[in-house]
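Undergrad: Once you've had a glance at the structure underneath, I'll fire off some questions.
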Amino acid sequence: MATIKEIKEFLVTVKELESPIFLELEKDNRSGVQKEISKRKRAIQAELDENLRLESMLSYEKELYKQGLTLIVGIDEVGRGPLAGPVVAAAVILPKNCKIKGLNDSKKIPKKKHLEIFQAVQDQALSIGIGIIDNQVIDQVNIYEATKLAMQEAISQLSPQPEHLLIDAMKLDLPISQTSIIKGDANSLSIAAASIVAKVTRDELMKEYDQQFPGYDFATNAGYGTAKHLEGLTKLGVTPIHRTSFEPVKSLVLGKKES
């Protein structure tokens with residue numbers, strides 16, 4: 001008779017809930033065996049559910065595949081709201097019907113999984129472009145226009161160039177057909193891929209800035225207006241990476257000029 005450990009190792013090879021192997025093993029009344037059967041069935045169901053979720057996030061891409069298009073780029077940005085640091089956009093072309101387990105809107109991915117999924121996107125993508133627009137340009141042209149500039153910069157880095165753009169709630173002045181999707185990072189795998197690339201890229205930049213400008217907690221808050229960040233602003237003042245067109249940074253700068 002096989003040991004429970006041997007059965008556990010064997011069950012990993014079972015890929016279907018309807019497998020006759022389950023029926024056979026269910027005759028074994030050892031509680032440990034029954035526990036492993038239930039555990040494996042849950043794992044198979046979770047894999048099926050994940051596959052369905054990923055399939056549903058390819059609906060926009062599949063419509064474009066039907067039109068004969070394959071070089072479809074997802075575009076997203078991170079960093080429109082922070083008080084400090086750049087806005088970062090990413091453009092990602094995935095292979096046709098590519099599915100990356102766990103890929104989702106970066107806000108829905110557990111932080112501990114960010115680097116793993118970022119690496120999976122890097123490994124599988126046909127091309128990746130990254131656009132970074134700093135705080136000085138943001139202050140000059142406004143955050144909306146700066147976001148568009150970051151997206152255009154990211155697209156310009158792609159090789160091959162895309163046949164169609166899938167963009168998260170934006171439209172770009174480019175001679176390429178495009179689809180603007182509300183909550184695109186939750187509804188398109190291509191945009192979700194861009195979302196995690198932009199997120200990890202910007203987070204790493206803000207960790208570097210945290211070394212240059214200690215006291216604002218940039219490594220943790222990524223430039224957003226948390227209590228620690230605001231405390232740093234009050235005690236230490238404005239850094240060269242702060243957005244002086246954003247409040248309360250703007251008032252701090254004006255107050256300093258007036259005093």
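Quick reminder: no glycine exception, Cβ is built from N, Cα and C everywhere.
Among the features that Swiss-Prot reports, domain 'RNase H type-2' is placed at 70-258. What Swiss-Prot records for ASP76, GLU77, ASP168 is divalent metal cation binding site, and it gives sequence analysis as the kind of evidence.
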Undergrad: By Cβ count within 10 Å, point out the most packed of the binding-site residues listed: ASP76, GLU77, ASP168.
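TA: Ranked by Cβ atoms within 10 Å, first place goes to ASP76.
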Undergrad: Tell me whether ASP168 (divalent metal cation binding site) sits in a helix, a strand or coil according to DSSP.
TA: strand
Undergrad: An 8 Å radius from the center of the ASP76, GLU77, ASP168 Cβ atoms defines the neighbourhood of the divalent metal cation site; name the other residues of that chain inside it, in order.
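TA: Along the chain, the qualifying residues are ILE75, VAL78, ALA89, ALA90, MET151, ILE167, ALA169, MET170, GLY184, ASP185, ILE191, ALA194, SER195, ALA198.
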Undergrad: Need one number: mean pLDDT over the domain 'RNase H type-2' (70-258).
TA: 95
